[in-house]
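According to TrEMBL, the feature Zn(2+) binding site maps to CYS86, HIS89, CYS157. Annotation comment: TrEMBL describes 16-193 as domain 'GTP cyclohydrolase I'.
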Amino acid sequence: MPNTPQPKIDVPDHVQDAIRTLLEWAGDDPNREGLLDTPARVGRAWKEYCNGYHEDPGVHLSRTFEEVGGYHELVLLKDIPFHSHCEHHMAPIIGKASIAYMPTDRVVGISKLARVLHGYARRLQVQERLTAEVANCIYDHLKPEGVAVVIEAQHGCMTGRGVRTPGVGMVTSKLLGCFLDDQSSRKEVMSLMGY
Ligand SMILES: [Zn+2]
């Protein structure tokens, strides 16, 4: 999913000052040449990392198609890469999501599922909430028979600091409707997702 480049916005002085303070706190000299433009760049980068705050991801699901040609099997978008940031450390969360739903009478363009994911990922998050928000949004807007969302991600706050365990992925899932209630539907979707 290409990210729309942000226009070069002005970063207010108080925001740049905050980033200078952080650079100093980290042990560097914010006045050295290599760091002079960093506060403005970081300010702009954070606006972009968090541009999900400016949208309601549900809007991507407002245009649906009712003519599905008698297709009443599950729709799955697998291994969608995404970036987010954890709300505890503002450290990167890098992972992939698989999103499935069992349509009743309407479907959406498949890329819209990824847009919903990015709309919630581009905020400060915890992985469990991200997983639930994506699933609930699809469930509420499409009213399908079921939704399944599985997210597998690595957390910068775990791989780069603290216990420092690179390569460890965290898996979260949210199942709703038929995928929650019906064991064979659940087995089918999980095996198609590769779990
Ligand atoms: Zn964290």
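Just so it is clear, glycine is given a Cβ too, placed from its N, Cα and C backbone atoms.
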Excluding CYS86, HIS89, CYS157 themselves, which residues in that chain have a Cβ inside 8 Å of the centre of the Cβ atoms defining the Zn(2+) site?
HIS85, GLU87, HIS88, MET90, ALA91, ILE93, HIS155, GLY156, MET158
Surrounding CB atoms that lie within 10 Å of the CB of CYS86 (Zn(2+) binding site), all protein chains
19
PLDDT averaged over every residue in the domain 'GTP cyclohydrolase I' (16-193)
94
Once the chains shown are all counted, how many other Cβ atoms turn up within 10 Å of the Cβ of HIS89 (Zn(2+) binding site)?
16
Can you name the residues of this chain that are 6 or more positions from CYS157 (Zn(2+) binding site) yet have a C-beta less than 8 Å from its C-beta?
CYS86, HIS88, HIS89, ALA91
